[in-house]
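TrEMBL annotations:
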BINDING   Lys258, Asp263, Asp281, Glu342  Mn(2+) 2 binding site
BINDING   Asp263, Asp340, Glu342  Mn(2+) 1 binding site
ACT_SITE  Lys270  active site
DOMAIN    338-345  domain 'Cytosol aminopeptidase'
ACT_SITE  Arg344  active site
Amino acid sequence: MSALTVVTTPAAQTACDALILPLAANHKPLDPSLARVVAAEDVPGRPGEAVVIATLGLLPAARLVLAGLGAGPVMPEEARRAAGAAVKALRGREVSRIVIDTAGLPELDGDGFARVVQALVEGALSADYEFARYRTEEPGRARIAHLAVAVSTERQAQAEPALRRAGAVADAVNAARDLCNEPPNRLTPAAFAACIETLGADPRLSVSVLGRAAMEELGMGALLAVAQGSRHEPRFVRADYRPAEAPNLDAPLVLVGKSVTFDTGGISLKPALDMERQKADMGGGAAVFGALTAALALDLPLAVIGLFPIVENMPGGGATRPGDVVRTLSGRTVEILNTDAEGRLILADALHYARSLNPRAIIDLATLTGASSIVFGPVGIGLFASDPALAAAFQQAEATAGERVWPLPLWPEYRELLRSRIADLRNISTTIQQGSMMTAASFLRAFVGDEPWAHLDIYNTAWNEAEHPHLPKGPTASGTRLLAQFLIDEAQRAGAPA
């Protein structure tokens with residue numbers, strides 16, 4: 001974990017290994033010593049472009065990194081990409097102490113400045129991430145030991161809470177990435193449950209874990225059906241964050257994360273190509289885990305419960321077959337026509353369980369449908385919400401978090417496509433190739449009743465095919481920043497300081 005500080009000493013006078021200068025096209029006048037160095041270089045224009053300059057003693061910093069912010073208004077995601085590109089450009093150099101200078105930003109109001117500072121720090125820490133835990137011959141590179149943000153004295157009061165939020169969110173994202181990167185032979189359902197239990201070391205959060213027998217007693221038939229083919233026993237984990245000062249102790253926000261530690265598809269076996277990526281099919285659970293760590297780090301005065309239905313979906317002699325009918329916790333029966341549509345089955349039981357907690361709202365995140373890649377490519381998260389205010393809250397969080405969401409419909413006709421001839425519901429629609437994002441969400445809605453509910457389909461954004469400025473190739477921890485920012489915004493709406 002990097003040490004984070006705000007400094008008011010002019011960055012041009014600060015000794016460090018690297019000084020990052022994000023530059024907007026309409027930036028304010030620079031310190032003369034900085035301006036002299038910048039004038040001798042071609043300034044990168046687009047977000048995601050950065051150039052490293054050896055200062056040769058002209059500045060106390062050993063290196064100056066110019067990072068483009070683009071020609072338009074500076075938004076948080078552009079700032080995140082700029083800082084990420086700068087840190088990425090420094091790889092391979094001996095750099096442990098970095099200062100980010102805000103002098104190259106345009107004029108911004110207080111809230112806009114705070115959001116951009118938060119994004120700059122998140123981008124830098126995100127780009128510094130590396131998962132090298134299992135490498136023995138080539139150890140991981142040196143990480144940033146100290147990251148400072150240089151601001152004017154007048155901006156210090158806005159920058160300090162922004163820095164604190166950025167550190168908590170970046171740590172949450174990187175913790176979620178660690179979980180998604182873990183090999184599936186290491187992160188079994190029991191191991192994932194044990195990771196969540198570590199959060200219970202904090203007295204503000206309690207964790208309870210149910211095994212197979214307890215789930216059978218409750219009647220979680222859908223979740224248990226998915227787990228039948230694996231020798232690794234399922235777990236159902238509940239993590240309660242209930243700070244004493246939270247105004248919603250009697251009506252918590254309930255977060256539900258799909259947690260399939262490896263998904264072969266079961267009897268409806270997936271193709272072999274890229275199947276190794278299915279270790280990240282617990283990305284929804286990882287995002288909920290990350291959001292809870294952010295709530296703890298920021299001491300958010302908000303009651304939150306995380307639910308983790310954890311299974312491994314494997315073929316085998318005891319595996320669920322296409323055509324099986326199971327009884328869910330709600331009492332509804334489901335005809336399973338495709339065992340690779342397993343996420344909605346484990347969520348069905350978890351969502352119905354969430355209803356018993358008197359929730360203010362239920363939010364689930366899931367790597368649910370491959371169709372999300374067809375609809376959005378690798379860019380946006382599909383948002384389904386039964387409550388317009390909840391949808392608006394996530395769209396507000398998007399503005400700071402930079403994870404794009406787009407609302408999609410829950411028209412009643414989609415539910416009709418899930419009618420079964422022999423059970424209450426079928427787990428895939430009669431037209432599986434058409435509208436499958438919507439039919440999957442409509443299946444989930446059948447188990448939340450009238451509770452305010454939102455579903456985020458993160459399948460298409462959960463894995464990077466190529467490296468981006470602030471996101472390396474591989475698991476992205478999609479939804480973690482968005483969910484953490486949603487909780488921050490909810491706490492502020494409840495009266496917590498910004």
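The chain as shown is numbered from 1 upward.
The backbone N, Cα and C atoms fix where each Cβ goes, glycine too.
All annotation found in TrEMBL is predicted automatically rather than curated by experts.
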Mean of the pLDDT scores, which run from 0 to 100, over the domain 'Cytosol aminopeptidase' (338-345): 98
Using Cα positions only, nearest of the recorded positions to Arg344 (active site) (Lys258, Asp263, Lys270, Asp281): Lys258
Around the Cβ of Asp263 (Mn(2+) 2 binding site), the count of other Cβ atoms that are within 10 Å: 26
Lys258 (Mn(2+) 2 binding site): tally of other CB atoms within 10 A of its CB: 31
Secondary-structure category, per DSSP, in which Lys270 (active site) falls: coil
The one of Asp281, Asp340, Glu342 whose CB sees the fewest other CB atoms within 10 Å, among these binding-site residues: Asp340
In three-state DSSP terms, the structure that Arg344 (active site) belongs to: helix
Rounded Cα-Cα span from Lys270 (active site) to Lys258 (Mn(2+) 2 binding site), Å: 18
